[in-house]
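For reference, the structure is listed below as structure tokens.
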Amino acid sequence: MSEPIDLSQISPSLKAEILAEALPYIRRYHGKTVVIKYGGNAMTEERLKQGFARDVILLKLVGINPVIVHGGGPQIDQALKKIGKQGTFIQGMRVTDEETMEVVEWVLGGEVQQDIVTLINHFGGHAVGLTGKDGGLIHARKLMMPDRDNPGEYVDIGQVGEVEAINPAVVRALQDDAFIPVISPIGFGEDGLSYNINADLVAGKLATVLNAEKLVMMTNIPGVMDKEGNLLTDLSAREIDALFEDGTISGGMLPKISSALDAAKSGVKSVHIVDGRIEHSVLLEILTEQPFGTMIRSH
């Protein structure tokens, strides 16, 4: 596990250098939207949670518009365990029956989201929580999961959705009024059902629709790793396809990297996978020139 950066040990002169280094990036991203997929340890360790809240407040203060899409897998697992249910995953997607969907809505749209909003507001920011059902934000359709063992057939994984369309009006309205949107990845379908959507997929689609300058996806590893455990700092579409094919990218990383690549192909100028276990990883990625995590390229 990466050692956290101990900011208390940084000298005043080095802090001044860091601030000076950030100025060109503040100018570059001023007035631009940055979508952040927030998840993993950064959502469960108190030190990292507080650091993240301060980071997004600082981004807003210097004129950058952060939009947060959060996950909550561990919290959902804990809630399911309390009612005697075991989480099941297929190709990185949670199988979601009706009872599980009720838990997902309660945990993501309630407990997890409000924790994030409360912490940002506590430190002086102005955050507003939304689900994809608010303001018609995320229109969803049922996800048909291809059966890898039976080509041409599909596996029913319940109320799991994919993004059919995004109406960004409510997000733009919040940005115009200087709020920080915090979005739970729950969509609504024409059938009247709620759908559990992978947060990585929502973040990628939202970044595209908002014409975001950058998409940052936080995870619990340094970035995309090869089979020997080495960090891959820069990946093209062709290289990613090869990593899918040989199984290097698997499980929960499948939707994350697929979404990141789709966003890059759709015009999001900068897409990065970063280690959320490192304190202030979002600021390090956005406001410094230090190579950090894995950059995803469309070509």
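Just so you know, glycine gets a Cβ as well, placed from its N, Cα and C.
What Swiss-Prot says about this one:
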- K37: site 'Transition state stabilizer' (SITE)
- G72, G73, R94, N196: substrate binding site (BINDING)
- K256: site 'Transition state stabilizer' (SITE)
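Annotated features taken from Swiss-Prot, shown on the structure.
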residue	record	DSSP class
K37	site 'Transition state stabilizer'	strand
G72	substrate binding site	coil
R94	substrate binding site	strand
N196	substrate binding site	strand
K256	site 'Transition state stabilizer'	helix
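Annotated pair K256 (site 'Transition state stabilizer') and N196 (substrate binding site), C-alpha to C-alpha distance, rounded: 15 Å. Take the CB of K256 (site 'Transition state stabilizer') and look out to 10 A: across all protein chains shown you find 26 other CB atoms. Note: K37 (site 'Transition state stabilizer') has non-local neighbours V69, H70, G71, A199, D200, A203, L215, V216, M217, M218, K256, i.e. same-chain residues 6+ apart with C-beta under 8 A of its own C-beta.
Other Cβ atoms within 10 Å of the Cβ of G72 (substrate binding site), summed over all protein chains shown, number 25.
With all protein chains in the displayed structure included, the most crowded Cβ environment within 10 Å among the binding-site residues G73, R94, N196 is that of N196.
For the binding site of substrate, formed by G72, G73, R94, N196 according to the record, the largest Cα to Cα distance is 12 Å, rounded to a whole number. Excluding G72, G73, R94, N196, which define the substrate site, the same chain contributes G71, I76, T96, V104, V107, L108, N198, A199 within 8 Å (Cβ to the Cβ centroid), listed in sequence order.
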